[in-house]
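Heads up: the structure comes next, in structure tokens.
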Amino acid sequence: MGSCECPALLLLLSLLLLPLGLPVLGAPPRLICDSRVLERYILEAREAENVTMGCAEGCSFSENITVPDTKVNFYTWKRMDVGQQAVEVWQGLALLSEAILRGQALLANSSQPSETLQLHVDKAVSSLRSLTSLLRALGAQKEATSLPEATSAAPLRTFTVDTLCKLFRIYSNFLRGKLTLYTGEACRRGDR
């Protein structure tokens, strides 16, 4: 095996193991800085959103689910320090993970859950676990917890959703918005 094949093989192996939520030994700690990795998760989220857009039966929840607000004020975001951005992303990812898990439970308790819908929800659960691991390797959790109380970010803005389509839209928007902005800045800093 040639020396140029090893990094490509390592990247491929890492991408195959990450959806399982397993830590990948020997994987580069800044794997999330490779735009192809985040794009893969965004593509899956968009695919799930598209599948549920026309869904009427089995896509409504029996209760409202709290999700993070995904709107980004770019002026305010650029003025935030990376630690404050990390807090917002880490809290948003945690709330989004809870929301997807709650959606998964509600879908499982429905009369006849669609296999396709269940597959997309299961993929989202796995992807969020992997993204959490990737952000932890990037230092986002450490950055988020090391902020002094006085400089911590404002409380996370939230709202509720009542359908799987809206949940996947929030998921997709979060990945394309705040998560992409944060990882881009954290990766550019390069001092992690």
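Numbers run from 1 along the shown chain.
Using N, Cα and C of the backbone, Cβ positions are placed for all residues, glycine too.
Those TrEMBL annotations? Automatic predictions, nothing curated.
Listed in TrEMBL as the disulfide partner of C187, from the options C4, C6, C33, is C33. Listed in TrEMBL as the disulfide partner of C59, from the options C6, C55, is C55.
Distance from the CA of C55 (disulfide bond) to the CA of C33 (disulfide bond) is 34 Å. Scoring each of the disulfide-bonded residues (C33, C55, C59, C187) by how many neighbouring Cβ atoms lie within 10 Å, the top position goes to C59.
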